């Protein structure tokens, strides 16, 4: 079915920063998508185009990307008369219009908006839910469909918070639930208990939440944070049903070849900085004491040696985010160096749906897991909820069970589970290999 109109506008994300919304019109209606935005902009990522005009939006405007959709992509896209059901053709067309390796001519935020809107239009044309269309595109098995374990970011440290705590995200994963709906209830109950305990121990303002909905108390060490979470799990009555995931974001505290766990202190003691081996030992001691099942970015993005050393003995899921930035060449290197065994998939890091699907397929082929992820600057768009079901990855990271831009995805997964009924299973303990269920 032909596309009669492509139109973009600037809207706002959950941090109050501009982002790109694209509308694509066919005979079936108007199909919309909003692009998320990350705080990180790694050198190996597709380029998120910002206007850099400091007199407006602190330089973060997206009018250039919006104009690229309206003045460059729109007319060419309509004229090309593409079949929106052929996502590869749509994305190849967008890539050829851009012509750069990192999408810097048109902007990954312009290209991705069109790519996602096209997928929504295609699902409508086929009269199927978006997740089913995405399963068709990725040639995923659909009997049964797999609902993911939500890795809920309930406590923040690192650059996302005050306090000395170096590690960035502490997540709870209700793997012991029987359904996604039960997982959400467990997650919600643990979250509320965590907020109460945090206020009790650190004062009322410690219950305030960060960009992704997690609490950010003035905590000094990882042990202190983990004790708080374990106490909240017990207080909620869900001991044994809830595991823990970490996102260390350790590129943030990598200095001169070592890791500074006191990086927020300008006077930090250099004699206490850790080598990669010493940091690995610290992770091992945490894994012995706490029910940790997944660690993301345990080392800096180019410290390959430390990644490979740790992976040999970790025995739990090791997720590559900064290491791979959803970039096929980086993923291939990580697979070859045996540095990790799971990919964090962020569609806007690579910039088209087809490339995102391929990144997941390459990872599955290497026996890796795939965790679909939001970004810190999110919107009400729920695309990744359908994507995680369509790709059958078994795990999603989309913030805390709080803040509407996070709940939008989690609520969409509740709807999908309800709609699928007995045609779906919850990944539970098998989150690492949802693709094999």
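Cβ coordinates come from backbone N, Cα and C, glycine included.
Record note: of 105, 241, 358, Swiss-Prot gives the feature ubiquitin cross-link to 358, with no matching annotation on the rest. Looking up 60, 258, 409, 423 in Swiss-Prot for ubiquitin cross-link, the annotated residue turns out to be 60. When 88, 195, 243 are looked up in Swiss-Prot, the one carrying the note ubiquitin cross-link is 243; the rest have no such note there, which does not rule it out for them. Summary of the site annotation: Swiss-Prot records Mg(2+) binding at 247, 296. Screening the candidates 227, 231, 269, 321 against this entry identifies 321 as the one listed for that site.
In Swiss-Prot, the entry for phosphothreonine among 25, 221, 313 corresponds to 313. In summary, of the candidate residues 179, 275, 324, the record from Swiss-Prot lists phosphothreonine for 324, whereas the others have no such entry there. All protein chains considered, the CB of residue 358 (ubiquitin cross-link) has 16 other CB atoms within 10 Å. Across the fold, the C-alpha of residue 296 (Mg(2+) binding site) and the C-alpha of residue 243 (ubiquitin cross-link) stand 14 Å from each other.
Among the recorded positions listed here, namely 60, 138, 313, 358, 60 has its C-alpha nearest to that of residue 160 (active site).
Cα of residue 247 (Mg(2+) binding site) to Cα of residue 324 (phosphothreonine): a span of 14 Å. Of all the recorded positions in the record (243, 313, 324), the one with the smallest CA separation from residue 358 (ubiquitin cross-link) is 324.
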